[in-house]
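A.B. asks: Encoded as structure tokens, here's the structure I'll be asking about.
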Amino acid sequence: MPAPATYATGLTPLPTPVPKVSKNIMERFSLKGKVASITGSSSGIGFAVAEAFAQAGADVAIWYNSKPSDEKAEYLSKTYGVRSKAYKCAVTNAKQVETTIQTIEKDFGKIDIFIANAGIPWTAGPMIDVPNNEEWDKVVDLDLNGAYYCAKYAGQIFKKQGYGSFIFTASMSGHIVNIPQMQACYNAAKCAVLHLSRSLAVEWAGFARCNTVSPGYMATEISDFIPRDTKEKWWQLIPMGREGDPSELAGAYIYLASDASTYTTGADILVDGGYCCP
């Protein structure tokens with residue numbers, strides 16, 4: 001008679017073993033000795049996470065597309081005594097993503113943590129008023145397809161290694177419909193990312209974890225174009241009455257990336273000032 005196994009993933013024997021990690025909780029939050037790869041990390045949320053990871057001891061691979069980030073990688077190395085290097089890649093190009101991930105693995109020897117953070121907002125207004133489908137294709141290609149390419153090729157490395165933590169930057173927009181701005185495309189893409197993560201958490205259960213962080217409105221350059229009267233409406237809708245600072249997201253990412261979360265997979269952490277509560 002065959003030994004019992006998990007229904008979805010075929011893991012056996014049961015129960016599966018508990019990971020051997022430090023009993024000291026502060027040591028479990030440390031990223032010392034780990035390698036983190038972060039897309040869209042030349043500025044905003046991505047760089048805030050990259051800096052937090054460096055502070056926690058991780059070596060960091062910074063990804064950029066249009067803004068060269070060698071100086072930022074050098075800053076992380078000199079300031080925090082870690083290894084950091086910048087890589088140019090268009091995450092909408094599957095071959096570039098595959099090559100970049102393989103290069104990072106070669107340069108650093110492994111990849112412990114991957115953050116799929118690159119993304120763009122929808123700014124075209126109500127969907128049916130847009131004269132063509134180019135804007136839709138652009139947002140979905142970056143926010144969903146680009147995240148998928150990263151997961152596919154990072155996941156292959158995680159499977160080969162037998163370990164890894166993958167984190168998607170999703171959004172509260174995957175949970176609710178934003179107002180007053182109309183952004184059906186962005187909402188749909190981020191909702192898809194949430195379910196992609198949960199699906200991969202099951203597929204990868206034997207070798208890696210997969211989770212999401214869902215930021216609310218953050219004070220970054222991605223929202224610089226938003227008129228003040230729109231932001232005032234946001235503040236009224238946010239129970240805490242303000243946008244978040246990117247640094248306020250760092251703790252969620254560090255938890256999911258670290259050994260403090262070895263039994264956390266398929267989860268989403270909302271960091272939205274309470275927006276989704278009412």
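Using N, Cα and C of the backbone, Cβ positions are placed for all residues, glycine too.
According to Swiss-Prot:
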{"type": "ACT_SITE", "residues": "Ser171", "note": "active site, proton donor"}
{"type": "ACT_SITE", "residues": "Tyr186", "note": "active site, proton donor"}
{"type": "ACT_SITE", "residues": "Lys190", "note": "active site, lowers pKa of active site Tyr"}
{"type": "BINDING", "residues": "Ile45, Asn117, Lys152, Tyr186, Lys190, Thr220", "note": "NADP(+) binding site"}
A.B. asks: How many Å lie between the Cα of Thr220 (NADP(+) binding site) and the Cα of the residue listed as 'active site, lowers pKa of active site Tyr'?
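C.D. replies: So the Cα of the residue listed as 'active site, lowers pKa of active site Tyr' lies 18 Å away from that of Thr220 (NADP(+) binding site).
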A.B. asks: In sequence order, what residues of the same chain, 6+ apart, have a Cβ less than 8 Å from the Cβ of Lys190 (active site, lowers pKa of active site Tyr)?
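C.D. replies: Expected: Asp143, Ala170, Ser171, Ser173, Gly174, Ser214.
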A.B. asks: According to DSSP, does Ser171 (active site, proton donor) fall in a helix, a strand, or coil?
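C.D. replies: Once the DSSP labels are grouped into three classes, Ser171 (active site, proton donor) ends up as coil.
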A.B. asks: Per DSSP, to which secondary structure element type does Thr220 (NADP(+) binding site) belong, with helix, strand and coil as the options?
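C.D. replies: The three-state answer is coil.
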A.B. asks: Could you measure between Ile45 (NADP(+) binding site) and Tyr186 (active site, proton donor) for me? Cα positions, answer in whole angstrom.
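C.D. replies: With the alpha carbons as reference points, the distance is 17 Å.
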A.B. asks: Under DSSP, is Ile45 (NADP(+) binding site) part of a helix or a strand, or is it coil?
C.D. replies: helix
A.B. asks: Taking 10 A as the limit, how many CB atoms besides its own sit near the CB of Ile45 (NADP(+) binding site)?
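C.D. replies: There are 25 such Cβ atoms around Ile45 (NADP(+) binding site).
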A.B. asks: Cα distance, Asn117 (NADP(+) binding site) to Tyr186 (active site, proton donor), nearest Å?
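C.D. replies: Cα to Cα, Tyr186 (active site, proton donor) and Asn117 (NADP(+) binding site) are separated by 14 Å.
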A.B. asks: Is it possible to get the count of other C-beta atoms within 10 angstroms of the C-beta of Asn117 (NADP(+) binding site)?
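C.D. replies: Other Cβ atoms found within 10 Å: 26.
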A.B. asks: What is the maximum Cα to Cα distance, in Å and rounded to a whole number, among the residues Ile45, Asn117, Lys152, Tyr186, Lys190, Thr220 annotated as binding NADP(+)?
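C.D. replies: Largest Cα to Cα distance for the NADP(+)-binding set is 28 Å.
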A.B. asks: Neighbour count, 10 Å Cβ-Cβ cut-off, for Lys152 (NADP(+) binding site): what number do you get?
C.D. replies: 14
